[in-house]
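Quick look at what TrEMBL annotates:
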BINDING   B:75, B:80, B:116, B:120  [2Fe-2S] cluster binding site
């Protein structure tokens, strides 16, 4: 029997697949065989390594060397030089190839290791398609502990104590949500995982499902045990092919191992999961719209109350949680709420996964403690801004602009709330001096206008009017009263819309006008777009 | 009788409507569901036609109008917009001589805008059928479209 001395990990996600990761991997296996190394060096597919826009990414362990933008032609060199002779290929190393920001990249490589990973602890480390690898890193231990040693009410209490809050955007305390449903006698109850990730710039849930689907399944099983549900659904958007594939396989494997199904771990607890696939509607990320869609109808939101916790899927008590929220659960049960509470700020515990995009040197995915400042996220983890920082759109389209003045605000639910901003889904879109705020605002409103489901009037008509005013401004037909009109209209939409979609326009418009009123006025009064982006005719 | 075979795979439950619609659409060479399809589903499940139509017309991935052989979905949500998706849109319009929502007369391409595809790491992005193309530049888009036109893709 041979001993494995090295692992070559391939970060597989949509980005690297597109760069040809699978072809490179095949070539790698071939070359290893040619070199007679295939017994002692193992090629492993894993989830995203958090390095994005850098082509095919591989990691050689235990040497701890990342290679980026690897092509088929490079494979022979890596095998011969690094794996055979022990001399890493300098030109492909993660910290060696970047033209002008070598320093920031080297820091970034170290920062990746410094990240305090809870949700993404296995992503990029284990093979997501192999349940045994998940079990080897204490996988399903939390579930076993929960169902054999603890009562459902203990689990609810533990999650309450941990301070975990919903990661889908609204930040509602998870334990509290469960506590509304757990004591109800009405059966059956359902657990629904919201994986309809549609917020522009957000793909954290996709990478969790691609990188560590078993963690989500374990989190769901624990949640179901806590609330007394025997059936779970994962609602995944139709565009996420790889997520669907990997989660499907993980569910099948879990069934084979007796982790899903009847009498889990001999405890008498039954639970199974079914995947449902969406068909392209942003509003279905709203929990009641999602339930309507699960039932096979139009994805219109419902009037609340009653809340899904009491009257949900097919009018039965239903808890709807986001992917990231559920992926936090196993670690909390395993390590206890005290461990979890050590991370984060007073009101926001634990870590948060961010996707950071736009004009930064190193766009990608990071998981850091709650309360990390925007400055640290941009400059420490994302390699700094290309050009000069102008602002960031935080929380996706349903978020708010954050200006220079707020770079040092702690990023968590309450601190951002004080400044009329939101954490939302955790998307951070960084803009430099070339971005025009009116253009970005118009683009955001075009999105809302298109995605409004049309059920309630403020959202359906309000977004059209907001868009039209912005369109006028970009065509040099803007009027001075528009700024005030937009604010008044958006505020009344915030107060009267049925769901978060219609309520969201206010934050983005309010923040844009607060930081960049002058720039908008340039468009209106002088009929000039300072960034030369808008048509102005 | 392929359509019946699809129907019989599913239980007669309303929550299967969307799945059957997806399968019927994939079966159609013009990538859409017909009135007859929707009536068939309604009769099978035992719900009114209007309910099926309501579901079909709500979701952007289901079309009630004939579409081209290849469906181009260009993302123009904020991250892609910031990275220049409008320039890419202009190139596609110019190359195919159609507007958003239209199909080329030879029924090869339909151009649609899509909500965020979640591959913003490589913005700007478009999807042709099931294939994602990122880091788009006008030159790259022209090359991709040519490959589809010549049938090499």
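Our numbering is plain: 1 for the first residue shown, then up by one each step along the chain.
Placed from the backbone N, Cα and C atoms, the Cβ positions cover glycine too.
Distribution of TrEMBL features across the structure.
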| residue | record | Cβ neighbours (10 Å) |
| --- | --- | --- |
| B:75 | [2Fe-2S] cluster binding site | 28 |
| B:80 | [2Fe-2S] cluster binding site | 30 |
| B:116 | [2Fe-2S] cluster binding site | 28 |
| B:120 | [2Fe-2S] cluster binding site | 31 |
Legend entry - In three-state DSSP terms, the structure that residue B:75 ([2Fe-2S] cluster binding site) belongs to: strand
Inset, instruction - Kindly assign residue B:116 ([2Fe-2S] cluster binding site) to one of the three DSSP-derived states: helix, strand or coil. - result: coil
